[in-house]
Amino acid sequence: IPPSKIKDPPGESCCYEPVHIRVTGLPPFQVVTLKASLKDDKGDLFQSKAFYRANEAGEVDLEQAPALGGDYVGVHPMGLFWSLKPEKAFWRLLKHDVLNTPFWVTLDVYDSICSQYSAIIQPSASQVVQRWFSGPGVQRKQIREGRVRGALFLPPGEGPFLGVIDLFGAIGGLVEFRASLLAARGFAVLALAYFDYEDLPEELLEVDLEYFEEAANLLLAHPKIQRPGIGVISMCKGAEIALAMACYLKQAVAIVCINGFTAVMGVPLRYKDLVVTPIRPEMERVQVHASGALSYCHCYGDPRDKLNGQSVLPVEKAQSRLLFIVGEDDEFIRSKLYAEQAMDRLRSHGRSHGRVLVYPSAGHLIDPPYAPLCFASRVRGLPRPFLWGGDPAAHAAAQEHAWGEIQKFFRQHLIQNRSKFFCKL
Amino acid sequence: MVQLTATPVIALVDEPVHIRATGLTPFQIVTLHASLKDEKGNMFYSRAYYRANEVGEVDLERDSSLGGDYTGVHPMGLIWSLKPEKLLTRLLKTDVMNSPFQVQVKLHELDFLLNNKPISAPKASLTLERWYVAPGVTRIRVREGRLRGALFLPPGEGRFPGVIDLFGGIGGLLEFRAGLLASRGFVSLALAYCDYDDLPPQPEITDLEYFEEAANFLLRHPKVHGPGIGVVSTCKGAEIGLSMGIHLKQITATVLINGTPFVFEVPQVYRGQIYPPVPPSIQLVAINTLGLTEFYRMFEETQIIASQSFLPIEKAHGHFLFIVGEADKNVNSKRHAELATDRLRRNGKSNWTLLSYPGAGHLIEPPYSPLCPASGLRALSSSVHWGGEVIPHAAAQEHSWKEIQKFLRKHLISTVTSQL
C-alpha cells in the first residue's frame, strides 16, 4: 500500500494566505482523521481535527470534501487552521515574535477515526507548514521618539508607502501581528502602544489625543511614507480613539473601526482644551456565561440615550472616510448598536463618508484571515475570562472578507487623497 | 441597620428560599454573593446585582437582578447559578445523610468582583443549609445477592410506593435523588450497576435479570406498597429503565430523562433475548467553540427504526414519562423521545407523556441544582459537553421535578387504592 501523502504548495506561507490541503494514497471511502497542531511562542499547544471520507480514488481534497465531524463540519479548506483550540482553557493564540519565527503547524493524517477515546496510533502521513506573520524584506524598527512608543513595520523597497497606525484595545501593551501582516501587503504600519508598555502609564486613566497626534505626525514625517494623510486600523477601545482622531485631528484620512465604541467610554478624552466626559460603564450589568466567562456588552450603555449625548463622538466633523466593521455576535461590545448610531448621526448631518460592514455570527476578535476563533480568554492576568463571542465558521468567513475590504478601503482612500492633493496644486 | 433574611434557612434542596435585604440606602445597588464548598473542598460561587427600592429593600421574589450570574426575577438564582472555581467541576453530594450543603449568602456594596473574592467586607451575611434528606429518612446499605446500592425509607409508619433510581454511564452510586424521593414519600432504591463495590468497572453486557432482582427486592420490602413500582432513570439508566418497563410486569411507572429507546455501547440481555447495541458513528462527534466534546450526533445516521437495537416499547404495560432537554449536547434527546413516542403511536398506545424543555441540557436534576455545562478529566480536550443554558435549565428542573412526583404518585398510588 503506497503511503498516504499530504500535498500542499509552499511549506512556507504568510498566514493570511490560504493553504490547499490534499491527501492521496488512502483506502477508498475510508473515514480518516486530519489533525493540525501548533505550539505558540510560550510552548502552549493548540489542536484541531476533522473527520473526512476519502473518495473512490482514495483522496481527500479539502477544497471539495466536507468534514463529517470534529472541530467543524462541511467544506472548509482552512478549517483546520481557524478551528485550532488551546489545550489550556481560555488561552488566546497570539504571535509575539512576528518577524523572526513563524508558527509551525503540523498536519497529520490518520487512516482511521482517531478520537481521544481510541488507542494512540501513528499518523500515516505528516507535514509541517510554516505560517509567517510577515513577508520577505519587511523590516521592524522599535519606536521611542518623544512620547511615542511602538514598532514601525516597513515593506521592502523605496516607497513611498501608504502609512497606517494600528491600534488595539484595552488589552494594553503592544500587539504587532496585524501591523506586520499589513506590512507584508505593502503598507507602512506603526503598531502604536498607548498604555502598559515601556514607560507609558500602566493603567489607562484618560485618552490624550495629542499623543496620537504626535504619533501621526511622526509617521507622516518619515521619508518613506506617503503624504499628506495616513490611515488608522483599530479595534475596540482603539477604535474609539481612532474615531476621535477622525473627529478632532486632520492627519488621519481613512479610519477602520473594528467592533469599537463610537462614544467616549470609561475614561475622559482630552485634546488640548477640550475634555469629553465619558459614559460611565455600569459594571452591575455584567453577565456570566455558563462557562464562567464574563460578557460585558450590556455594561457600556446606549449611545442613543440622551443622557450620554455629551460623550458621543461628533462623527459629522470628521473629514476622513470611515469604515465600521461589526461582528453581530460580539459579546464584549454591542458593536452593531454603536456603529449604527454613528452612521445615523452621519446621515442626519448629510454626511456620506461612512460605511458599515456587519458580519452575522462573527464575534469581537475579528483578526486577519484564518486566525482561530477565540471565544473567550483571560485578559491582562485577570482571573475571570472575557467572553468575545462568535460562531467559528461564520467568524472565519468574516475575517477573510474583512481583510480584503480593509486593504481595498485603504488603497482607495489613501491614494485618492494623494491625487486630490495633487489636483489642488 | 442592614439585615439579610432567608426563609427557611434550613430546607431540603428542592425547597425554595425567600431571600430579602432591608436597611439599605434607597436605590443603592448592592451585590449578593453566594458561595459553597463541596465535600472535596471545591469552591462554587455566584453573584447578582440588585437595586434597592425607595425604602431601601431588596426582595428576590419581586426584584430583578441587573446582572451577574443571572438577570431578571429569579428568587433561587443565587443557588442554581453557582459556578465552580475550578473549571469542569460538577457539584455532587456523596454523603446525603449526615450533612447538608452549606451556602453562604453575603450582601456587599456594589463591588465589581473581577475574581471570586469580594474586595470589601460584607454588610450582612447568613448561611443556608440545603439537605438531601428530610428528618426521619433512613438509609440502608444494600448488599443482597448481586444487588449493590442504597435504600432510602421515608419517615413514619405504613407503606409507601417504591421507586428504583438509575443514573447513567458515570457509574458508581449517586444517592442524592433517591434521598430526595424518600423525603417526598417514596421508598427509593439507588441502584448501582457498574464501577461500584464489586460490580464490574465496565460490564460487557447489561443483564436485565439484575434489575429484575432489584425490582423483586424492592417489592418484598415491608415498607413498600405494591403491586407496582416505579423507575426514575437518566441517560444509560433510561435505556435500562425502558427495558424494565417492557419486560418486567412489576414496573408500572417509568421516568426516562434524556435517554435512548435503543441499546447502545453494550448489548442488553434478558432471559436469552439479546438486543445488540447500535454502532456509533464516531466521525460525527463534534468539538464545540470551547473545545468540549459533543456526542449528540453520534447516532444521527444510524437506521434505528428497523434495527434490532430498537426496544419494543409498545410491549410495556405501565406508563412512561419522557423528560427531554432540547439543548442536550450529549444525546439527541428530542429525537430519541420522538422515536419512542412514534413507535407507541404506531402501535395504538397512549400510555405516555412527553415533557420537552427548550434550553435545558443533559443533566436535568432536582430543582436548584447548578447547571454543570461540562465535566471531564484534566484537559478540556477530554471533557464532555452536557449542554443547557443556565436560566431555562433551572426552570426545567423546577417544573420536571414536580411533574415526576405527580406522575409517580398517579401511577403507583392509584394502583394501591384500586386494590382496596
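Glycine is no exception: its Cβ is also placed from the backbone N, Cα and C atoms.
Automatic prediction, not curation, is the source of TrEMBL annotations.
Worth saying up front: this structure is predicted, and the values here are computed from it rather than measured.
As recorded in TrEMBL, the features of this protein are as follows:
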type: ACT_SITE; residues: B:CYS235; note: active site, charge relay system
type: ACT_SITE; residues: B:ASP328; note: active site, charge relay system
type: ACT_SITE; residues: B:HIS362; note: active site, charge relay system
type: DOMAIN; residues: B:207-413; note: domain 'BAAT/Acyl-CoA thioester hydrolase C-terminal'
Tertiary neighbours of B:ASP328 (active site, charge relay system) (same chain, Cβ under 8 Å, six or more apart): B:ASN258, B:TYR296, B:LYS334, B:ALA360, B:GLY361, B:HIS362, B:TRP386, B:GLY387, B:GLY388
What kind of secondary structure is B:HIS362 (active site, charge relay system) part of, going by DSSP in three states? coil
B:CYS235 (active site, charge relay system) CB neighbourhood, other CB atoms within 10 A: 24
Using a 10 Å radius around its CB, how many other CB atoms surround B:HIS362 (active site, charge relay system)? 27
